[in-house]
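Since the structure comes first, as structure tokens, the remarks are kept for the end.
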Amino acid sequence: MLDAVIILLSIFTFAGVGFAVVDLLPDSVQMQISNMEALRWLAAGFMSIIGLAIGLVAQTTYRRLENQIRQTPIETILTRAVGLVIGLLIANLMLAPIFLLPIPGEFSFIKPTLAVFGSVVFAFLGISLADTHGRTFMRLINPNSIETMLLAEGTLKPIPPKVVDTSCIIDGRIEPLLATGFIEGQVLVPQFVLAELQQLADASNDQKRVRGRRGLDILGSIQADFPESIVIHSADYDDIATVDAKLVHLAQEINGILLTNDYNLSKVANLQKVQILNVNDLAQAVRPIYLPGDSLELKIIKQGKEASQGVGYLEDGTMVVVEEGRNYVGSELQVIVTSALQTSAGRMIFAKPPSVLAS
């Protein structure tokens, strides 16, 4: 609608100019024209064509300017406006003495020329300074403005909210992850997850009841320790049957990350293009890597498959097979890693006591 208004306004304006400009012709020329009315309409038609071309250019320029303004952060617009005002004020203050000087009549054009030129130059300098030092200026006013500006420019990405499922709460590892800062942003606990925890806590099955109460205790603990991070989300989807499907739908709806340690839920969510943060994958990624020659403090728990072997376990559950470790069952000793093997069941480390390596 606005595009049509710009074009029509330009056409009618130029047509009116063409219609009226005929009357500005010298009287001697008008006396030679037999049909002034026809000339007026001819001039109006010619000028309307020019008006159409200028209107199209104005409409295109307006749209480009509008898109640029929409994409420009409000902080940038504000700093440029301040720079423009300051530049114009300085221009007027500096040019005021010149306006007071007596200037001969034949040079009277100098004053308006200097006023226009000085205003344009100082306005441009003010905007340039605002672009260069605007962020520093905005930080003095609002310390959080720089982050807002970078987010608007796309330089920084906002932290998406995390949607936590029941298994992740019961697991309990979410608490140290929050404490160490590995999980940033808001953590949403949907109302239907809270209801599922309550159902488990009220279950007749002892194992389910223990899991449900553990989940509620952990949730209460992290809510008390991190009140700004934990948010109970009231969303519920009565038309969706399962809790897993509701979790995926909520994560899609708010463009969030699904926080879980459920393998099947992770696969289903990935198929639906939902970003996943699997706690088990994170634990696997941060497990220490032992290279041949590294030293371990290990307690030998049992004998291995071969007669001379002893077996122990690291804190993360990794099995360590110690050659010549049978005689150390039940005791702790220092062992040296000789090799590591990744199997479908997990990682296995082979080691030997220093005395065996020395011999």
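Using the three backbone atoms N, Cα and C, a Cβ is placed for every residue, glycine included.
Residues or ranges marked as domain 'PINc' in Swiss-Prot: 163-275. Looking only at the domain 'PINc' (163-275), the predicted model's pLDDT averages out at 87.
For Asp165, Asp244, the entry in Swiss-Prot reads Mg(2+) binding site. Around Asp244 (Mg(2+) binding site), the same-chain residues six or more apart in sequence whose CB sits under 8 Å from its CB are Asp165, Asp262, Asn264, Leu265, Val268, listed in sequence order.
Feature annotation from Swiss-Prot assigns domain 'TRAM' to 289-350; the stated evidence is sequence analysis.
The Cβ of Asp165 (Mg(2+) binding site) has 26 other Cβ atoms within 10 Å, all protein chains considered.
In the domain 'PINc' (163-275), helix, strand and coil residues by DSSP number 65 helix, 14 strand, 34 coil.
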